[in-house]
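The structure appears below as structure tokens.
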Protein chains: 2
Amino acid sequence: MYMSPFTFLMCVICIASLGYGANVMAFEPTSTSPSKLPPWSQVEDTDPDPDPGETTQAVFTLNYPRIQIPFEITLWVLLASFAKIGFHVYHKITVWVPESCLLISIGLIVGGIMHSLHEKPPAVLTSNVFFLYMLPPIVLDSGYFMPTRPFFENFGTVLWFAVVGTLWNSIGIGISLFAICQIEVFGVKDITLQENFLFASIISAVEPVAVLTVFEDISVHEQLYIVVFGECLFNDAVTVVLYNLFNHVAALEVVEAGDVFLDIGRFFVVGLGGTIFGALFGFVTAFTTRFTGKVREIEPLIIFLYSYLAYLIAELLDISSIMAIVICALTMKYYVEENVSQRSCTTIRHVIKMVGSVSETLIFFFLGVVTITTEHEWNWGYILFALLFALLWRGLGILVLTQIINPFRTIPFNFKDQFGLAYGGLRGAVSFALAFTLPDSIGRKNLFITGTIVVIIFTVFIQGITIRPLLKLMNVRKTNRNQETINDEIHKRLMEHTVAGIEDLCGQWSHYYWKDKFMKFNNRILRKILIHDNHPESSIVALYKKLELQNAMEVLDQMSGDISAAPSLISLQYVSSTSRPVLLFSEVFETV
Amino acid sequence: MYMSPFTFLMCVICIASLGYGANVMAFEPTSTSPSKLPPWSQVEDTDPDPDPGETTQAVFTLNYPRIQIPFEITLWVLLASFAKIGFHVYHKITVWVPESCLLISIGLIVGGIMHSLHEKPPAVLTSNVFFLYMLPPIVLDSGYFMPTRPFFENFGTVLWFAVVGTLWNSIGIGISLFAICQIEVFGVKDITLQENFLFASIISAVEPVAVLTVFEDISVHEQLYIVVFGECLFNDAVTVVLYNLFNHVAALEVVEAGDVFLDIGRFFVVGLGGTIFGALFGFVTAFTTRFTGKVREIEPLIIFLYSYLAYLIAELLDISSIMAIVICALTMKYYVEENVSQRSCTTIRHVIKMVGSVSETLIFFFLGVVTITTEHEWNWGYILFALLFALLWRGLGILVLTQIINPFRTIPFNFKDQFGLAYGGLRGAVSFALAFTLPDSIGRKNLFITGTIVVIIFTVFIQGITIRPLLKLMNVRKTNRNQETINDEIHKRLMEHTVAGIEDLCGQWSHYYWKDKFMKFNNRILRKILIHDNHPESSIVALYKKLELQNAMEVLDQMSGDISAAPSLISLQYVSSTSRPVLLFSEVFETV
């Protein structure tokens, strides 16, 4: 693999700057945590005096512990940004090797350096940091940019795969591994059934980040994309509940039936609680943005604060925080983007993307670092069988579950789709964090951590690198929607109204009917409460606005120096050719 | 003052939510800080068991300490945002009472409630938090949106007021207060000359936030605006050095001449060091954004990270961090905005404004809270004289200093301007933070804190509220530049080139000559290194782009439903009427 001089330079700078941070850390141990003493008085104390007889004040002084925390966080984030920039300077690398692999590799290198210097990994890598600071931006990003229409159209399938699929995987892997444990020769007879289930629930969590990038790049069919997307988002609720259940059960001597029922109840509380909570916060956010017309500068902040609050309170109440923030983002998006100014809207989208992307980068990077610096326990048999079962049960699960769901789908999954779904089940950050969260009471904690890391690295590297060529080779159904056009939007809405009408006549109510009902409720009540200037605006007009702004920005970005080459005529053409008929069409719809 | 129901509602929600946070805090003491234990194992430990016989797992569990830190920060920021929204729902309030006054008032109320509940103020209110987290966004905001042209045109005056003015105030107030201390009846004979100087240096720091809002609102003359703006930014370097000096000297028995010389040297190191450092970081930032073409989503992050890094490292090296971040922002802005995409540019500006505005809100709010909850020492004589001298020396200083600087200025300050300068010298957040940073070795620390708070509240409330009507009454020179136009830009550049040419002929070199030299250096070398697509782009074209985008966004924001009412024709008019002649003019300039 050719590494550009720039990439190399960036890496050197990063590692050097990191080494600097680490060295200073080593010289001044972190136990001198930032105290509340005034900075200057501290300086005078710690500063070695060049000439104590004359003066006690030096021209240059250093007080590292005071700035340590923000400084090191800034350096790590900067490092992550450098890595991202470095990879993309030559786009060739990231086409074939997913970014996550590259990041884990750099993490491995940095971890190796830290290990050889006997540095401890940054203390920030705790599960609290992961769940409270790094996961929310990623999930918010996913939730906010979730394609709403396909998501609701495939809602049933998504839930089916997320809930039943994860249960299937956990139970299947757990039982199979327990069977392996009974074989004397592997030397893991002390791992109980409960502990096996616990480990199985950890390695069942499928991760969206890595797969979705690939799916987006090769633009697979929308149906496939949204099912993987939704499954990854919602199987968290299942995984975390299962993890809690097995974690709790692993500590018990005898498992009683009451526990199982309580946990089924708990599952619904966690999932539905998160959903209701998220929707509530979404509406409150939308309502708040009604009043921000005079303070445009803080509009984006409102969105971030409420989403984060939804996540935190859900964490506090132990309901699914991921569901809460996803549903919150999904609910608010539509109303918020009409209330806030164009600039705020751009900022909201950009910042969500930015923070999500950095969090993601940091997680994969840290995964690499921790892989080197953590204590491992290696057991060939157990780990290889865990990997095998993880792949096997995933494949089997997809095969069986698609057979069951296919009759209910308008567009059934064919064999190629099934392969894509099964092969796209990479494990990632959530598994990693859950493994680190294991209580010390589990005897084989280190084995489980090692096993999880092996499964993650195998799936991310082997499946992650090969999925692109394989899907290309198999010629998996591509998306038929290259670019949004107003024409597209008009015909889609026309069809939907027609189908809803026909269904009404037949007396058969599918989601078109419910969508129609919701749209009426939305237009009559919700919009009046939540939106400041409640002019009726159809999705067609919204799309027109979006395209128009996109166009204006592109024209301005491209044009350099020679303005005459970039006439604003394009906008004019839009107005004359598309907007008039659009309005006619939308008027027709309003009367349908 | 009429309080809208909405404002009231918002306040109630805020106070209630805050009370909730505080109460939960009270139940579970903060000593149980977020530990590294897995969250679920913690839950099981602390959760009171409803029925220990059957199961140890409840459906709902609470683990507040785990989310306490991010949760409370989010709540405080949300509270600040609510306050801002509340004030602006009825614009009438903020027209007459500056936002800072309203915020301090709300802070006083919240502080009162906390005091009556015997709550301690949030532990986050340390000088470290202020200097490391709250000040940087505010200063970055100021630096990034500093009007570059008037700033450089008034550079001498700004430095004159910032350096000599602050010295004048500190020494004047210090000596006068020392004289007051000699009067037996006030009972403050134990305050030494050094301590008086220390206190004087604290209350000399003039604060930009409060004044600039007023100046912007009544759109005073650019000259006046930029001098206050610049003075406030740069007197920090002076104040902090003076504070360090006096803080150090206050601990000494005998003051030696060597110390004084060392401190003069230190002053230059701090100021120039900050400037050079900032410029260096600015160029590095610009250079980095050359390579972000493929990773547009993290472009804004690069800007924030580098600026913050400049600030932190400057803090570490004990050079002026405010200078570093201001100069960094000033240097990078021009290049960065050409390198990044239009969307990133909008995001950068919006986020800087947003974070700055929230930090500012929080500071004034906390000032109110801490005023109630801190321990005070009241001494009528000392505090009132401190206030009197603070006002007196500021007025006297402006009178004398303008007399000296006026002969060197093209547009001298008239009496009204002088009044505006003197009366606009509000004290604010920096004084407040410095007072709290005082070491405990100062016997009268509480008196100094009380005195500082009195001076701040007096200036913010009395001067802050009256400055708008007074300036309006006096009819202070207004700005003559309502809106940027391309015509304006063309003529300004034409004039500048002409003046530079004439000066060259006369052999007299003013800043026009240097600006011309710099522009040549910039075009030949800097732009080639720092800008990705280095097409020569004159400031006129940049302005055209800016206006065009502004226009596109406004059109899209206003238009609702009825697209036909908002033709994109406007953009077309711009192109046909202005861009062609612009290009001709700029070609002429290039050949001058």
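Cβ from N, Cα, C; glycine included.
Marked as domain 'Cation/H+ exchanger transmembrane' by TrEMBL: A:78-472.
Residues annotated as region 'Disordered' in TrEMBL: A:32-54.
The transmembrane segment feature in TrEMBL is assigned to A:6-27 (among others).
According to TrEMBL, the feature transmembrane segment maps to A:73-90 (among others).
According to TrEMBL, the feature transmembrane segment maps to A:96-117 (among others).
Feature annotation from TrEMBL assigns transmembrane segment to A:129-146 (among others).
Look at TrEMBL and you will find A:158-185 (among others) tagged as transmembrane segment.
Sequence annotations record features per position, and here TrEMBL assigns transmembrane segment to A:224-246 (among others).
Summarising the annotation, TrEMBL assigns transmembrane segment to A:267-288 (among others). When Cβ-Cβ distances below 8 Å are used as the criterion, the transmembrane segment (A:267-288) is approached by residues 237-238, 240-241, 302-303, 306-307, 309-310, 313-314, 317-332, 335-336, 339, 526, 529-531 of the same chain, each at least six residues removed from its ends.
The transmembrane segment feature in TrEMBL is assigned to A:308-330 (among others).
Residues or ranges marked as transmembrane segment by TrEMBL: A:351-374 (among others).
If you look up TrEMBL, you'll see A:380-401 (among others) marked as transmembrane segment.
The feature transmembrane segment is assigned by TrEMBL to A:421-442 (among others).
TrEMBL lists A:448-471 (among others) with the feature transmembrane segment. Only residues 6 or more beyond the boundaries of the transmembrane segment (A:448-471), in the same chain, are considered here, and those with a CB under 8 A from a CB of the stretch are 96-98, 100-101, 104, 195, 198-199, 202-203, 210-211, 214, 217-218, 220, 367, 371, 374, 376-378, 382-383, 386-387, 390, 419-420, 423-428, 431-432, 434-436, 438, 442.
Count of Cβ pairs under 8 Å against the transmembrane segment (A:308-330): among A:224-246, A:351-374, A:380-401, the largest is for A:224-246. Contact count against the transmembrane segment (A:351-374) (Cβ pairs under 8 Å) is highest for A:96-117, out of A:96-117, A:129-146, A:224-246, A:380-401. Tertiary proximity for the transmembrane segment (A:224-246) is limited to same-chain residues at least six positions away from its ends with a CB under 8 Å from its CB atoms, namely 139, 142-143, 146-147, 150-151, 153-155, 157-159, 161-163, 165-167, 170, 194-195, 197-198, 200-202, 204-208, 211-212, 215-216, 259, 263, 266-267, 270-271, 274, 320, 322-323, 326, 413, 417, 420-421, 424, 430, 434, 476-477, 479. For the transmembrane segment (A:380-401), same-chain residues at least 6 beyond its ends with a Cβ under 8 Å from one of its own Cβ atoms are 160-161, 164-165, 168-169, 172-173, 176-177, 180-181, 183, 185-188, 191, 199, 203-204, 206, 418, 421-422, 425, 427, 447, 450-451, 454-455, 458-459.
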